[in-house]
Amino acid sequence: MGIEAWYMDRSDEDQRKPHRLKPNQPVSLDELKKLGVFYWKLNADIYETDPELEKIRKEQGYSYMDIITIHKDTLPDYEKKLKMFFEEHLHLDDEIRYILDGQAYFDVRDKEDRWIRIAMSKGDLITLPAGIYHRFTLDETNYTKAMRLFVGEPVWKAYNRPADDFDIRQKYVASLQGS
């Protein structure tokens, strides 16, 4: 089974809850692709030797990799970091994450500025395009282990919204016009 995505409700309830609309409004992988979001399902049990992951890394130029475990017992400043990850922001480079264990959510904005929640679990690899507004949070299990991939040296800088003046944001918005 692949990832599941849906339009979010506007509730201020705990960010780790699913926040589905009633009735649920699912979002397909094709709809995510139109936003520049791409997905692969891999075998996380063999991530260290997985030829499929190696092929993706080569094709996409993902030369840098590290692993982060997000849990209160392993991540320094856990609460502060979770709050920071959940701030709406963009990056000047693509964001690539591969869930090796646990579960988490990425929220992305659609063309009408509505939130789409993407539920990720073990084996899910996702790329978010440079310039897309997004945020990240754990689900109610409060745990995920993820591989972070980059083209070249990692750039950790996030630009909180509003960041519409960045060239990369304008380029991203322009790329949506035809879809």
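Numbering starts at 1 and runs along the chain as displayed.
Using the three backbone atoms N, Cα and C, a Cβ is placed for every residue, glycine included.
According to TrEMBL, the features are:
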BINDING   HIS89, HIS91, GLU95, HIS134  Ni(2+) binding site
BINDING   HIS89, HIS91, GLU95, HIS134  Fe(2+) binding site
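Features recorded in TrEMBL, as mapped to the structure shown.
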{"residue": "HIS89", "record": "Ni(2+) binding site", "contacts (Cβ under 8 Å, 6+ apart)": "TYR133, HIS134, ARG135, ALA158, TYR159, ASN160, ARG161, ALA163"}
{"residue": "HIS91", "record": "Ni(2+) binding site", "contacts (Cβ under 8 Å, 6+ apart)": "LEU128, ALA130, GLY131, VAL155, LYS157, ALA158, TYR159"}
{"residue": "GLU95", "record": "Ni(2+) binding site", "contacts (Cβ under 8 Å, 6+ apart)": "THR127, LEU128, HIS134"}
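Other residues of the same chain near the Fe(2+) site, with their Cβ within 8 Å of the Cβ centroid of HIS89, HIS91, GLU95, HIS134, are LEU90, LEU128, ILE132, TYR133, ARG135, ALA158. Cβ neighbour count for HIS134 (Ni(2+) binding site) (all protein chains, 10 Å cutoff from its Cβ): 23.
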